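As recorded in TrEMBL:
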- 31-56: transmembrane segment (TRANSMEM)
- 47-295: domain 'G-protein coupled receptors family 1 profile' (DOMAIN)
- 68-91: transmembrane segment (TRANSMEM)
- 111-130: transmembrane segment (TRANSMEM)
- 151-172: transmembrane segment (TRANSMEM)
- 192-219: transmembrane segment (TRANSMEM)
- 240-260: transmembrane segment (TRANSMEM)
- 337-356: transmembrane segment (TRANSMEM)
Amino acid sequence: MSTDASHLPAGSQEASGVMWTPSSWTMAGTVVIQCIYGLVCLLGLLGNSLVIFVILRYAKMKTATNIYLLNLAIADELLMLSIPFVATSAALHHWPFGRALCRTVLGVDGLNMFTSVFCLTVLSLDRYIAVVHPLRAATYRRPRVAKMVNGGVWLLSLLVASPIPIFAGTAATHDGRAVACNLLWPSPAWSAAFVVYTTLLGFLLPVLAMGLCYLLIVGKMRAVAQRVGWQQRRRSEGKLTRLVLIVVAMFVVCWMPFYVVQLVNLLLPGHLDAMVNNASLILSYSNSCANPILYGFLSENFRHSFHGVLRRCCDASVCCCCHPELGAAEEEDEEDLMTSGGVFLLISLGIGSALLRPGW
């Protein structure tokens, strides 16, 4: 794992191939990459903050499935905070933040990478229980149970990602001109083992589990499609199942290239251009900003909640600009709205803007 491919290992005792050399990038290419990183980070912070806000704010959104989506949004939000460090290191061809931040950034990045995929696996299991075992759904698909499961997801992710902060550190590049943030393994065999480890636990096994869940769901829906009373339930469950399935499919599309690149780098070191490595990394990060967009397009509840929040924000802005005295009254009426989720949104934006400043 390194800051240019911050989800997975890229070195052993020395930081070999960690930093991009100036010859690898033109100035225009560097600017484009930084703009893409900035856009992904901004959209991810805004979108996931909005998801977190509406689930916490509105009682109708506090279903078991939405609580799992809340956990996913929190993981994606935290994952976005790694981007400014990765982008800065890419632009400078150097890690300027020191060893402690290196361990912190790589640890948080790895933790939230695993948390995201485990959240999606839990969401798929939730859909499986709802559709295939509807009688058990009342027992297992409760908000309280969902919160306990979310806690278990974070504990499991901490365990799986524990090698990352232990082996993370800084080292000079081969030419001695820069410092790289990387996983410093005792030998190349450790690095290879960790690539296989993360590919299995962070992608292949969860995707297989999710695929099995949806195969069983499809089989169940076909088997009982003609039963009396099933059509109405099929429509209601089908919409939510489609949403989760598309979110899972988006995860596979965004993350598969990253893991393929890591395996190619393991088997054929030095054969892939830096642009390919960076493109796969950006695509993996973009998954975290795509989920809120999918919710808005595919879920009526999320769409209406998003519209309600944005409309209130716009109305409040217009009132404050055109009629300050009305804006003050409106602010008093909406105080509870801003305190519960708006503060989180403002904090997220503040962190994101601060981290994206040059020289941070």
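Keep in mind that glycine also has a Cβ here, set from the backbone N, Cα and C atoms.
Here the transmembrane segment (240-260) sits against the transmembrane segment (111-130); at least 3 CB pairs are under 8 Å, leaving out pairs fewer than 6 apart in sequence.
For the transmembrane segment (111-130), the partner stretch with the most Cβ pairs below 8 Å, chosen from 31-56, 151-172, 192-219, is 192-219. Tertiary neighbourhood of the transmembrane segment (192-219): same-chain residues 1, 7-9, 113-114, 117-118, 120-121, 124-125, 127-128, 131-132, 160, 163, 183, 185, 241, 245, 248, 252, 255-256, 259, 262-263, 266, selected by CB-CB distance under 8 Å and a gap of 6+ residues from either end. Outside the transmembrane segment (151-172) by six or more residues, the chain places 1, 11, 13-15, 71, 95, 98-99, 102-104, 106-107, 109-115, 118-119, 122, 178-185, 190, 194, 201-202 with a CB less than 8 A from a CB of the stretch.
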